């Protein structure tokens, strides 16, 4: 079916001359329109923007806090080395070698194209809720243009009687062990002021009420979903408009924006770390962050959280790395670039964690709670509570709030560009006629995405956000990553793929490390983590915080979540099965035809031969651009039967058969 679609939209040919052979080489108009990075540094910065995103500043601290702080760092570093970096290498190499995105890159094994389609689904679902986080940052950014930050004090219409400002002891008065929500002077003048008794351990910070009551307008349960709220809907609309304008011309525009989105965040993070280290209680927060609880290191849940963060942060299993590297020159040194980007990404999350946990220590002390209890109850909005709280205590806080949320926008948009580019690139690959109409495809994609993601702006949208985050860009990424490495290492062949790498880099870079990780550590660790996660799965639970009690998701939402998970990975077995059936039917028809050469040249039973064909490369596998098709990938005027097998082989072409056989040696 996929081949029919591709053939239907195939373009007419034009002739150019190969620089190597001086012979006429045919190229398509699709190749002439192939987008390339203007400079390699733009590619590196775009990778940094893609990988070093909100996952490092928002998701990493949240998962670290939920998983025991320092106990999270050990599996995080281990999985980065044994799974993250090898898969990052794999996706960059595959995209650059084939000049294809995820939709067509997996024609290296015809039956496994579903891996690429699963990547696209993961990317689409992630981009829908990821831009919601960007809209939160945009709302805070706009709200920062004030002399006094809205979340720095109480007394606004969205605040409750439980609201207080950490560190501001003048807002409460304690007498005989009882605390009131007023000052001493107000307590002594009961005629004008009505003071209410408050519980020191049951208060809500002004930053929490700003986030939950004004921005989210969060409902008490998933069932109380409500309708879109004005502030969130407008913020999300502006976010999608920004994304649309920045990617409308492909890497030519997003590559320029990456200069800012990659460098600026580090400057702001450094300022925050220096300041938060001076807060009262910061030392307790940092200790919780860097000192591991060894009993949690052996907990599978800690490893599961670390694995999902590694995949999410690096952008693995989304197809964005392939889409970006497909625009590289064929001989670009992606290995050196990978080492730079992976190191930056790994250390940025740890770097940002110091600012978050220093602030958590400060807030926990102000609330008379332990660091562990406060960290566990903060939820996914942790970064939108702790960072604003730290900023509100800084001198010239509006200025620092502006640059901080500008940083969040830079981090988020860099990743969002890559995620949104995946479905657009895939559409253009499958339907080349859309290449000249790319701007229209971008606009339509962004409009549809906004209309779908507007559900997150409802009062109950945060519950749907949590559901999608748990079941789409989580376990499904591990499953897709597992099949990626299996297809490359065991089906296509490790040696064959390293030969392809050698064509690009003139060397088999990191061969022994990749052999160990692709063959053993990556698939083994991924399958162990995935199975234990599925076995230990339980309903999603949100800890008490922000004035809301602990909430366990209803049973129907868990069922919906598993449907989302299955939807993310179903293309893998489905495409394999459909292609296998097609191969069987095609071989059976050919065998019945007395004129077909396959009748006497296929010693295997049909079902085994069909399996072999299903795991074999497509006839047009290889470098997409003609000038890179050298050696075994040099196109010859061969006639193929309807099974993709050269008739020369079927009729006794011994030299060519030997050449292909040697190339299939693992």
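Cβ from N, Cα, C; glycine included.
Heads up, TrEMBL stuff is auto-annotated, nobody curated it.
Database features (TrEMBL):
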- 52, 56, 313, 411, 415: Na(+) binding site (BINDING)
- 154-163: disulfide bond (DISULFID)
- 73-94: transmembrane segment (TRANSMEM)
- 115-142: transmembrane segment (TRANSMEM)
- 230-251: transmembrane segment (TRANSMEM)
- 263-283: transmembrane segment (TRANSMEM)
- 303-326: transmembrane segment (TRANSMEM)
- 338-364: transmembrane segment (TRANSMEM)
- 399-419: transmembrane segment (TRANSMEM)
- 440-465: transmembrane segment (TRANSMEM)
- 471-492: transmembrane segment (TRANSMEM)
- 512-536: transmembrane segment (TRANSMEM)
- 556-581: transmembrane segment (TRANSMEM)
Pairwise Cα distance for residue 411 (Na(+) binding site)/residue 163 (disulfide bond) [Å, integer]: 31
Stretch contact, the transmembrane segment (230-251) with the transmembrane segment (399-419), Cβ-Cβ under 8 Å, 3+ pairs: yes
Proximity verdict for the transmembrane segment (263-283) and the transmembrane segment (73-94), three or more C-beta pairs under 8 Å: no
Site of maximum Cβ density within 10 Å, from recorded positions 52, 154: 52
Proximal but sequence-remote residues of the same chain as residue 415 (Na(+) binding site) (Cβ under 8 Å, at least 6 apart): 49, 50, 51, 53, 54, 55, 130, 315
CB contact flag for the transmembrane segment (338-364) and the transmembrane segment (399-419), at least three pairs under 8 A: no
Cβ-based neighbourhood (8 Å from the centroid) of the Na(+) site, residues 52, 56, 313, 411, 415 excluded: 49, 50, 51, 53, 54, 55, 57, 345, 348, 349, 414
Euclidean distance between Cα atoms of residue 52 (Na(+) binding site) and residue 154 (disulfide bond), Å: 34
Neighbour count (Cβ, 10 Å) for residue 411 (Na(+) binding site): 29
Feature contact check the transmembrane segment (73-94) with the transmembrane segment (471-492), CB under 8 Å, 3 or more pairs: yes
Interface-richest range of 73-94, 399-419, 440-465, 512-536, 556-581 toward the transmembrane segment (115-142), CB pairs under 8 Å: 399-419
List of residues, in chain order, with Cβ under 8 A from that of residue 56 (Na(+) binding site) and at least 6 apart: 313, 345, 348, 349, 352, 411
Spatial neighbours of the transmembrane segment (556-581) far in sequence, C-beta under 8 Å, 6+ residues away: 1-2, 110-115, 117-118, 121-122, 125, 222, 463, 467-468, 470-472, 475-476, 479-480, 483, 539-540, 610-611, 614
Other C-beta atoms that fall within 10 angstroms of the C-beta of residue 163 (disulfide bond): 23
Nearest-integer angstrom distance between the alpha carbons (Cα) of residue 163 (disulfide bond) and residue 52 (Na(+) binding site): 34
